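Working notes for the structure below.
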Amino acid sequence: MAELACFCYPHLENDSYRFIPFNSLAIKCMLTAKVDKKDQDKFYNSIIYGIAPPPQFKKRYNTSDNSRGMNYETSMFNKVAALICEALNSIKVTQSDVASVLSKIVSVRHLENLVLRRENHQDVLFHSKELLLKSVLIAIGHSKEIETTATAEGGEIVFQNAAFTMWKLTYLEHKLMPILDQNFIEYKITLNEDKPISESHVKELIAELRWQYNKFAVITHGKGHYRVVKYSSVANHADRVYATFKSNNKNGNMIEFNLLDQRIIWQNWYAFTSSMKQGNTLEICKKLLFQKMKRESNPFKGLSTDRKMDEVSQIGI
């Protein structure tokens, strides 16, 4: 995750802003600079290589002291920054909006995946600039539309029906901020369209998850799609979701947290996110993740008959 201010800076032209991507040498210069505390939140002028991000975001970049940040010296950083600018420059951002826009925290890996989709000549985003820009504006939180299958970050499709598409995420192969844990495995489920879904299509998805992904929890980050993650990683997801939720509220980015369909979401996660939305502390919310929940009556009678026992998955074992 990183703020948009880690990728680009605003340049005032008439009554709105044009966004310009940072170059790696300007960032490198900022990372070595000594800057007064009062100037930590201001864009840094490297003198030689142009404007650089505010020094307060130093930890967002990979250095010899911090291996958890972005690999900003890669060509992928340039592609992601350019794509963000392309999307922001397609809309009008005024002086009253610019601080809010740049403070938004975005998924670096999501944006890299959109670059990969753009470069794939078989993908619809390769052929439609309008859909590409729409996908980016959704990814950076500027659009109120949810991420549907057409505008999704992408990956490898492992399941699809008339209402849902399930993707295996490919973060292990990334350049900008790769997942280093070789045991990482995670999925995302997007809606094919943002409209009411029939019970039969929900039932098909739940049957698939129950039989093929029984070692995983279905959660949501509140953005209109589902994530299918290992139970061992749920606490980590909870920390990130809570931090992003609080940060957005603090910066005035009052984004509605979408709890999604309670029949699909893991019970404990639904309790966690509901508690978070009520304003409870992280400690109180996280207790709900490890609490034994009363099993609700199965909304879909006879669901287990939809699959034969030899189809039960070994994924995640």
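The backbone N, Cα and C atoms fix where each Cβ goes, and this holds for glycine too.
Fair warning: this is a prediction, and the values are worked out from it, not measured in the lab.
Record check, Swiss-Prot: ATP site residues include SER107, VAL108, ARG109, HIS221, GLY222, LYS223, ARG227, and the candidate from LYS79, LYS144, LYS188 also listed there is LYS188.
Helix first, then strand, then coil: DSSP counts for the region 'RNA-binding' (205-241) stand at 19 helix, 9 strand, 9 coil.
Cβ-based neighbour count (10 Å, all protein chains) for LYS188 (ATP binding site) stands at 22. Ranked by Cα separation from HIS225 (active site, for NTPase and RTPase activities), the binding-site residues SER107, VAL108, LYS188 are led by LYS188.
Take SER107, VAL108, ARG109, LYS188, HIS221, GLY222, LYS223, ARG227, the residues named in the record as contacts for ATP: the widest Cα to Cα gap among them comes to 17 Å.
The Cβ neighbour count for HIS225 (active site, for NTPase and RTPase activities), using a 10 Å radius and every protein chain shown, is 22. The average pLDDT the prediction assigns to the region 'RNA-binding' (205-241) is 96.
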